């Protein structure tokens, strides 16, 4: 736990944790609204978004990438809704049509364009590069109060921190309308709440979280964190507030444990190289969900005996 | 262009021809298997299964290497992927039935966790000496490069088997898709049929891994079925149309991809299928957007024509521009808005029709008939001449309009 840890592990762990929390917060509501797969769809269409942004601007700067990915996510949501209504197709199939087609378009554009100069490829998009987000200028724990070293933090860290804070703030500010429109849409409408605007804003917030997290950790963690921690939390309690806290705890646990297992686990087992941190974080979150499915106190549907 | 034509006519070399035929068969199998998945409203379960194949591929490779093999046998890798896809499917099923989580959450959880575990295995494999050349990443997006003759035969044989099984099971699967309760009452084991359907989808997924890749195989299962649904309401026709669409996309896509570099097979096939989908969404005669727009405009024109004629009959002025345009185009009014003789005749007819309806709704007891009054349907289409004569007897003789 000395200088090496601060240099090579502290920032990836922080980024992973913040990304996991940023996704888990909107994930709670998506799960309850049966829109869990929106996260899946968004994380697939992020790829064409960043490819188009790259082709338009010619750089891999963060802002155009984020804007492109956000626009693609929004386009996907609009397309899904349009196809669902115009074609009278069930939402799952409409989603499947849209995100696979957009993803295919992204891959094709990527193969057609010259991206060999920059670090932009499909595998990176899927798996992330959490391991490379290290803090080389750090010399030890005291670097945390050294302004020179702090200015060399990986840019992904402040970015994901801002997004995680934004998600937390939005959750707190819009707690009541979100809760009402999630559990009883008719009642919320009767109270005069803009129900469809709330639904769309939630999806946009999820897209923002997905894009920011995707930038740092790849699309697998994004899908896993949208769904696994909130789903596990849902099996722990009947109170929404408690569920959100559980989901944050599970997200943090998955990120920290996953990163440590990926980085140090193979060494303990006698191998000499680490495994994918993003993949391991997703796996740990799955194990947590599995345990919750087996032992969670509120795992059964109301009226059905647990384990029945 | 020549290269494309050569590939489309299977003249671009032996291997390219094999891949093209294999892709067509795979497309056909995926289209038909996906039809039942779509009708059963479980399209995205295939997404979970497809992503769940990745750890299976990795584990199969590791096992084969541990047993002293090369680790690259496609058959072995596909067996591994089928087993882990099955595990994923059972988990989705188990989570949905045993816990209070909804199916979409179960799908998303299985999809991401299996995929994450698969990526962990891939990074382990990359550190092995043999693993560097394994090219397991090609299963993510599919690749036809370096495909062996045995691989193509495996894909073709697998696709043909799936299609044959679907043909055999099409009746019980249709029954279960539309009315599971009735199916169960007639003695069909719905759970087993569902499992068989999922098994077929799994087979398609596994066969398609090499060609299209695990992320995009879902598209080949969903898009042809949704597209075919636009063209017909009959299950058998949807089934074979979907197969045809899948086969066409597979064949053309594989041929295009073989004819030029940097045209990856999977994405091309998916984009072709998506193109067919978009065309159908817009243009299909029954459920298409264009057809809906046209029928809406026809309806609008009928309403405006009738309301315009009624206004003429009552000698009321018409202000609505669309009504004026329609009546002028038919020669029912002059450019200055005054009714022509033909217009007065039509107006009298419509006005009489309206009065006949009033009487009909007053005296006639059968609400199933009078309920068909919508302000548009001529009364002759609903009542017999005798009945109309009866209404006329109450109305008195016709009188001219706007005289």
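Here the Cβ of each residue, glycine as well, is placed from N, Cα and C on the backbone.
Listed in TrEMBL:
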TRANSMEM  B:12-39  transmembrane segment
TRANSMEM  B:48-68  transmembrane segment
TRANSMEM  B:74-93  transmembrane segment
TRANSMEM  B:105-128  transmembrane segment
TRANSMEM  B:148-169  transmembrane segment
TRANSMEM  B:200-223  transmembrane segment
TRANSMEM  B:268-294  transmembrane segment
Touch test for the transmembrane segment (B:105-128) and the transmembrane segment (B:200-223), at least 3 Cβ pairs under 8 Å = no
Is the transmembrane segment (B:148-169) packed against any residues at least 6 beyond its ends, judged by a Cβ distance under 8 Å, and which are they?
-> 15, 18-19, 21-22, 25-26, 28-29, 32-33, 36, 74-75, 78, 193, 196-197, 200, 203-204, 206-207, 210-211, 239, 243
What parts of the chain pack near the transmembrane segment (B:74-93), using Cβ distances under 8 Å and only residues at least 6 beyond its ends?
-> 45, 48-61, 63-64, 103, 106-107, 110-111, 114, 136, 139, 148, 150-151, 154, 198, 202-203, 205-207, 209-210
